[in-house]
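**Student:** Quick one: this structure, given as C-alpha cells, is what I'll be asking you about.
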Amino acid sequence: MLSSLSPYMANPRQTFTQVLNFALVLSTAFMLWKGLSVYTNSASPIVVVLSGSMEPAFQRGDLLFLWNRSPRVDVGEIVVYNVRGKDIPIVHRVMRTFPDVPGKDKTKKGGKQGVEASPSSLESQKLLTKGDNNLSDDTELYARGQDYLDRKEDIVGSVRGYIPAVGYVTIMLSEHPWLKSVLLGFMGLMVILQRE
C-alpha cells in the first residue's frame, strides 16, 4: 500500500496541487450553497423529505427547492419549518392562517401571558400546518406552549419545486454513518491518486 503512494510522495508539488484541487471543489460547493441561501433568503434552500407524512404529494427521499422571499404564506401552500429548539426540517401544508390582532393576549418567548402586541409585531403571520397523510394538525409537533408557527421565526421556506427520489442518498448516509465514512474516504483517495 505504501509503495503505491511513494511516487506521490516523491513529487510534493503534484501532491500539493491535487490537495489544492480537492479544496477548490469543496470551497466552490460551499460558495454555491451560500449563494443559493442568499438568493432564496433561506438558511436551507434545498431539503430532503424524511418521512411519509406528505404522501401522495411528496415521497420520502424527494428533494425540495425552497423560496423564502414572500412576506405572506397562503392556505394550501406547502412549507418547511423547524420546531423551536430542534433542527429537524418538517414539510407540511398550511391549513390555516391567524391574523395578529392588537389588544389580544399574546404568548411571548418564555411563555409570558398578557403582553399586548406592538405595531411592529403585527408584521409576522401565524400559521397552523398539517401533513397530507396525517389525521390531525401539527400542534403536537410544535414546541411546548406553541399553538401556531410564526412566519418569520419558524418557516424555513415555501416549496417551489422538487426532484423525486434524488435525496434518498442523504437518507441512506444519515441512517448508515459508516457509509458516509467509506464514501468520503473513497473520494479522498480518488483525488490523491488521480493522475494528470
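The backbone N, Cα and C atoms fix where each Cβ goes, and this holds for glycine too.
Sharing the record's features from Swiss-Prot:
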{"type": "ACT_SITE", "residues": "Ser53", "note": "active site, charge relay system"}
{"type": "ACT_SITE", "residues": "His92", "note": "active site, charge relay system"}
{"type": "ACT_SITE", "residues": "Asp138", "note": "active site, charge relay system"}
{"type": "CARBOHYD", "residues": "Asn134", "note": "N-linked glycosylation site"}
{"type": "REGION", "residues": "182-193", "note": "region 'C-terminal short (CTS) helix'"}
{"type": "TOPO_DOM", "residues": "34-196", "note": "topological domain 'Lumenal'"}
{"type": "TRANSMEM", "residues": "15-33", "note": "transmembrane segment"}
**Student:** If you run through the region 'C-terminal short (CTS) helix' (182-193) with DSSP, how many residues end up as helix, strand and coil?
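**Tutor:** Taking each residue of the region 'C-terminal short (CTS) helix' (182-193) in turn, the totals are 12 helix, 0 strand, 0 coil.
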**Student:** Out of Ser53, Asn134, which of these recorded positions shows the lowest number of other CB atoms within 10 Å of its CB?
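**Tutor:** Least crowded of the recorded positions Ser53, Asn134, by Cβ count within 10 Å, is Asn134.
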**Student:** Check His92 (active site, charge relay system) against DSSP and tell me helix, strand or coil, would you?
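**Tutor:** In the DSSP reduction, His92 (active site, charge relay system) maps to strand.
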**Student:** Could you please provide the mean pLDDT value for the topological domain 'Lumenal' (34-196)?
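**Tutor:** Here the predicted model's pLDDT, averaged over the topological domain 'Lumenal' (34-196), is 86.
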**Student:** Pop the Cα-Cα gap between Asn134 (N-linked glycosylation site) and Ser53 (active site, charge relay system) into the table, whole Å please.
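**Tutor:** The Cα atom of Ser53 (active site, charge relay system) is 6 Å away from the Cα atom of Asn134 (N-linked glycosylation site).
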**Student:** Measure the Cβ-based neighbour count of Asp138 (active site, charge relay system), defined as the other Cβ atoms within 10 Å of its Cβ.
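**Tutor:** Here the count is 22.
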**Student:** Report, in whole Å, the straight Cα-to-Cα distance of His92 (active site, charge relay system) from Asn134 (N-linked glycosylation site).
**Tutor:** 10
**Student:** Give me the CA-CA distance between His92 (active site, charge relay system) and Asp138 (active site, charge relay system), in Å, as a whole number.
**Tutor:** 9
**Student:** Could you tell me which three-state DSSP class Asn134 (N-linked glycosylation site) falls into?
**Tutor:** coil
